[in-house]
């Protein structure tokens, strides 16, 4: 599949314009009589000076996956204490009445080390999720963009972001589900298990393989809307920031300035993500704590007010997480010299159709 996508990537409106211009410039400087193979090699050499790989190549997707592992694995592990308190507020609101009360009760009962409960399944699970989420997002964005064509991909770009991110998250949640189930058991069931090595065999012995995947449907309910908001809101916010806020074009911004825009856009997207996905997050937390309950039963029992418990903690956590994830992901692209296409611009063919050019 990748081999069929890569040659078409240059036709995508998200393909970096300056990369295309660099190739075109090489072709213009080449003598007409020179062999086509020589022209291609010169174009590749020119691109290699600026980028480590071609946009849409297997290496590009692989390194994007590495960026996803680092951005999701590290950030989710860093906020394990806040996540632990948030989960406990959702499953036992009588005991853990607020964020500060939750931290106080946890430290009193388990000590400071108790705040790190569940760090191992968090790191493994969200690293796998990040690999699939960011790696497949790039794959599906190019694939769907090619299917739509240059003009439609621009006109329907928000729908393109939504479809690509939803497709990527579908697979990412399958990778995340086993570790998420173990994490919630460790964090919300006192005395059940203190480590991943204790939790996994115990869960398998009680419920078999179903114990690790019974939460995948609620995960889709939580994570797919979250990821759709995360990617679509981020992409359009970046576009808006460069258009209305940043005083100069992206091409004139330094790498550092571009990363600041990435962080700001990521935080804005994160706030919306937290609100959209919180009800399903509450259901997942309770479902993985209880045996024999279904998502619909938990939802009915929690009620409208119950599913919003812990929202403030989640906004702080997810806003910060999302901003840091995009910052780390973009930093990885900069470090490995990956193509980073600027916000999409209207194709010349569409401008002519709309009478915007002479």
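Glycine too: its Cβ is placed from the backbone N, Cα and C atoms.
No curator has checked TrEMBL annotations; they are predicted automatically.
Since this is a predicted model, take the numbers as computed values, not measurements.
Per TrEMBL, repeat 'Solcar' is recorded for 59-143 (among others).
The repeat 'Solcar' annotation in TrEMBL covers 156-240 (among others). For the repeat 'Solcar' (156-240), the number of residues in each DSSP class (helix H, G, I; strand E, B; coil) is 73 helix, 0 strand, 12 coil.
If you look up TrEMBL, you'll see 257-335 (among others) marked as repeat 'Solcar'. Helix, strand and coil counts under DSSP for the repeat 'Solcar' (257-335) come to 70 helix, 0 strand, 9 coil.
Feature annotation from TrEMBL assigns transmembrane segment to 259-280 (among others).
Look at TrEMBL and you will find 311-329 (among others) tagged as transmembrane segment.
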* Outside the transmembrane segment (259-280), six or more residues from its ends: residues with CB under 8 Å to it -> 218, 221-223, 225-227, 229-231, 233-234, 237-238, 241-242, 246, 250, 253, 299, 307-308, 310-311, 314-315, 317-327, 330-331, 334
* Asked: Helix, strand, coil residue numbers for the repeat 'Solcar' (59-143) per DSSP?
  -> 74 helix, 0 strand, 11 coil
